[in-house]
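According to TrEMBL, the features are:
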| type | residues | note |
| --- | --- | --- |
| REPEAT | 106-142 | repeat 'PPR' |
| REPEAT | 180-214 | repeat 'PPR' |
| REPEAT | 216-250 | repeat 'PPR' |
| REPEAT | 286-320 | repeat 'PPR' |
| REPEAT | 321-355 | repeat 'PPR' |
| REPEAT | 356-390 | repeat 'PPR' |
| REPEAT | 456-490 | repeat 'PPR' |
| REPEAT | 491-525 | repeat 'PPR' |
Amino acid sequence: MFRTREWRGFSSSSHTKFSKIPSLQALLKSGFTPTATAINKFFLFLFRVHKFESIIHFFSQMNSNKINGNSQTHSIVAWALLKSHKFEEAEKFMKTQMAKSSKSPIIRMWESLIQGFCIKQKDPEKALSVLRDCLRKHGILPSSFTFCSIIHKFSSQGNMGKAIEVLELMSDDKVKYPFDNFVCSSVISGFCKIGKPELALGFFENAISSGALQANIVTYTALVSALCKLGRVSEVCDLVYRMEKEGLAFDVIFYSSWVCGYIEEKILLELLRKKRQMVEKGINHDTISYTILIDGFSKLGDVEKAFGFLEKMRNDGLKPNSVTYTAIISSLCKKGKLEEAFAVFKSIGDLGAEVDEFMFATLIDGFSRRGDFDNVFYLLDEMEKREIIPSIVTYNTVINGFCKSRKMLEADDLSKNIAADIITYSTLLHGYTNEENIPGILETKRRVEEAGVSLDVVMCNVLIKALFMVGAFEDVYLLYKGMPETDLVPDSITYCTLIDGYCKVGRIDEALEIFDEFRTTSISSSACYHSIIDGLCKSDMGGMAVEVFIELNEKSLVSHVGIYKMLMKTIFKEKGVKGVLHFVSRMESLVPDTYNIICNNYILFLCKRGFAENASEMYMMMRRKGSSMTSKSYYSILRGLIRAGRSRQSLPLLCSFLKEYGLVESRVRKILTHYLCLRDVDSALWFLGKMMDNSSAVTFPCFCSQGPHKVW
């Protein structure tokens with residue numbers, strides 16, 4: 001009994017005397033034998049004064065001396081491990097020591113462990129693994145907040161596959177937790193982050209239609225971002241109407257998200273309208289909303305308006321921050337007004353704002369692009385004076401400037417004196433590739449391999465282009481095929497670089513293999529189609545090129561005039577005029593604008609090669625379809641027919657030309673004069689005289705028939 005009271009005496013002593021408590025070994029040597037109750041009271045005291053490490057250490061001594069605690073002891077130790085952020089040790093301890101503990105406190109413990117992995121260690125993968133164990137092995141159902149935390153973390157990291165996996169666990173029959181606006185807004189934001197706003201919109205619509213969600217302002221704000229990223233900013237008005245019907249109040253964050261959409265669409269007028277709407281609804285701007293407006297007008301090139309909002313911001317009693325000033329400096333740099341940007345930079349200290357590295361990097365980028373490296377090094381010295389340590393971002397900015405100024409030696413030297421990252425090597429490779437500097441490419445490739453850096457898609461794309469330049473075609477293929485092994489997914493630039501590279505060196509089979517793989521993806525890219533069509537045409541494979549072109553148009557992808565001309569040249573070379581006419585006839589199902597462009601190009605193509613009669617057949621086809629012909633096409637056919645002595649055949653076409661374009665069109669006057677000179681010189685001279693007097697007052701009745709005609 002005496003020994004127990006002695007232990008209690010220790011446990012009730014003040015915190016200042018705690019450090020003088022002897023070790024467990026010393027107590028045991030003195031003949032002291034602690035009970036489980038005494039140990040627990042002592043541990044609880046240590047826990048209250050946040051001596052978690054002492055609990056862990058003391059428990060370790062207990063194990064060494066084979067002193068057993070009870071379930072309460074284990075519970076306190078587990079919480080001490082959790083509070084010490086020793087989550088791996090806590091997990092192991094809980095699995096081995098806490099199996100028989102009562103459910104209620106242990107659920108909270110497992111929740112704390114899961115959230116520790118997820119939030120403190122930013123490892124949602126591990127958190128999900130523990131969550132699965134809770135559900136499947138331990139029969140424990142954590143709270144809905146635990147599920148939501150993991151979903152939010154995966155979404156913020158852009159790992160939407162895992163976020164949806166947790167969402168499915170959450171809606172499982174054994175769980176059936178409803179997902180709230182926190183989850184919905186997280187998932188929508190996550191899909192937007194990975195460039196899949198259409199999936200964000202689909203997720204929202206499914207959630208609403210299933211009745212699982214009553215959206216609030218947070219979810220609607222996330223939805224605005226998705227619509228804006230899809231280029232559907234006009235649909236936000238419908239969303240606003242819907243929110244008003246539901247009685248939801250708008251806030252500054254909602255309007256700021258909406259404004260961002262108009263910035264992306266480059267619609268200045270709507271920016272001002274939204275600002276006025278905010279004022280009318282009694283919503284006050286904050287520093288962030290003003291900064292978004294300033295940044296928006298800066299990006300749209302209206303620096304004066306940006307400065308106006310900066311002044312208004314100050315008048316409203318709001319203090320611009322470094323982000324606000326960086327937006328102003330960035331816009332001035334982009335407009336080439338570096339001296340003004342520098343003046344703003346120098347005045348920032350007097351205005352009470354803090355200058356940060358990103359502001360320096362913005363100015364450095366501006367001067368680097370202009371090739372003004374004296375000011376670049378001045379700014380780097382200034383950073384050192386202000387004890388702002390340049391990060392790899394700043395150094396990469398300088399290296400990029402060197403590369404753009406074709407100062408590859410300086411870029412290479414700087415890269416060797418810093419901890420280069422993937423962007424450093426990508427920038428160097430891009431610079432050497434632009435210079436067609438093969439030794440530089442090979443040396444940088446060696447450095448990349450030696451550094452063992454993990455490649456990203458951008459680096460792979462640059463490296464593929466560089467390898468094509470040095471003729472390392474096998475390395476190109478291996479790099480491309482090895483991308484999935486490093487969890488890299490080829491993008492449109494990857495496919496386009498590969499297809500274009502193989503086509504340029506005449507390896508059309510490899511290009512077609514890559515193109516076929518590209519077609520199996522969901523990637524939409526006109527450039528890939530253009531590259532393979534170009535390669536097929538140069539390989540005299542016009543038939544296949546036409547099929548690819550038809551597929552391009554079926555997918556509603558944009559094609560340019562150069563592609564039409566290239567196809568016509570190839571088909572004409574292979575199959576002559578009839579082949580080109582057949583190609584154009586297959587295009588009749590295309591949208592009218594595209595069909596008109598192809599037909600008019602076809603007419604010019606034939607007329608240039610002396611096939612005006614065939615071109616006139618195309619004109620008749622266009623008339624039957626109700627297609628429009630350009631003045632240049634009319635002129636080319638008429639000139640070709642007249643030169644070939646087909647004046648009579650040209651008369652109906654000439655009448656149509658005159659009716660459609662009138663005498664205001666210079667080509668009409670020119671070809672009409674030419675025609676009249678061949679038929680009646682006096683009439684031609686009279687016409688020219690009238691045109692010189694006043695072309696707008698000319699009355700020129702033209703009786704067109706197959707028989708003789710007269711011009712008045």
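For all residues, glycine too, the Cβ spot is worked out from N, Cα and C.
Sequence-remote contacts of a segment are chain residues at least 6 beyond its ends whose Cβ falls under 8 Å from one of its Cβ atoms, and for the repeat 'PPR' (106-142) they are 75, 78-79, 82, 85, 87, 90-91, 94, 98-99, 149-150, 153-154, 157, 159, 162, 165-166, 169, 174-175. Mapped onto DSSP helix, strand and coil, the repeat 'PPR' (356-390) counts 27 helix, 0 strand, 8 coil. Mean model confidence of the repeat 'PPR' (321-355) amounts to 84 (pLDDT, 0 to 100 scale). Secondary structure by DSSP for the repeat 'PPR' (491-525): 25 helix, 0 strand, 10 coil.
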